[in-house]
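As recorded in TrEMBL, the features of this protein are as follows:
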{"type": "COMPBIAS", "residues": "1-11", "note": "compositional bias 'Polar residues'"}
{"type": "COMPBIAS", "residues": "23-39", "note": "compositional bias 'Basic and acidic residues'"}
{"type": "COMPBIAS", "residues": "50-62", "note": "compositional bias 'Acidic residues'"}
{"type": "COMPBIAS", "residues": "119-137", "note": "compositional bias 'Basic and acidic residues'"}
{"type": "COMPBIAS", "residues": "138-149", "note": "compositional bias 'Acidic residues'"}
{"type": "COMPBIAS", "residues": "150-161", "note": "compositional bias 'Basic and acidic residues'"}
{"type": "REGION", "residues": "1-62", "note": "region 'Disordered'"}
{"type": "REGION", "residues": "119-189", "note": "region 'Disordered'"}
């Protein structure tokens with residue numbers, strides 16, 4: 001079967017046994033070209049397992065191709081940023097230590113809000129007192145109207161002694177609502 005295919009094709013066909021796969025290196029042999037890779041990072045998990053992370057060939061080539069200019073610039077930039085972050089950290093700790101973390105003019109802000117709150121409370125009190133005064137005036141007018149209706153509805157008796165007493169009592173009640181009388185104790189020595 002294999003020979004029939006070979007004779008019909010214009011190019012010679014090789015057997016599977018004679019196909020070359022390239023150079024196969026045995027693990028015992030180490031060539032100088034190929035070096036053993038060291039893991040870039042080893043991650044330890046809480047379950048006890050570990051994972052090794054290797055750098056890629058592209059990263060290895062980039063590191064080896066870096067010239068002195070970018071290399072120097074990279075390390076200067078890294079040193080500058082780490083210095084700034086260290087100063088920032090120390091400055092924050094010192095501010096906390098000396099207690100200067102509050103706003104510079106916080107006292108003025110607090111005073112403004114206190115005054116604003118007092119004004120709002122005063123306006124609310126004024127509004128409530130006006131409402132209470134209006135309701136008081138309305139109830140007072142209604143009471144006066146009811147008294148007038150009662151007086152017109154009841155006919156007065158013409159007895160002189162009874163009418164004088166009744167008149168004096170009504171007169172006292174009307175003056176009592178407008179004035180306040182305070183009894184005073186007078187002692188003679």
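Just so you know, glycine gets a Cβ as well, placed from its N, Cα and C.
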Q: Sort the residues of the compositional bias 'Basic and acidic residues' (119-137) into helix, strand and coil with DSSP and give the three counts.
A: 19 helix, 0 strand, 0 coil
Q. Which residue counts does DSSP yield for the compositional bias 'Acidic residues' (138-149) in the helix, strand and coil classes, in that order?
A. 12 helix, 0 strand, 0 coil
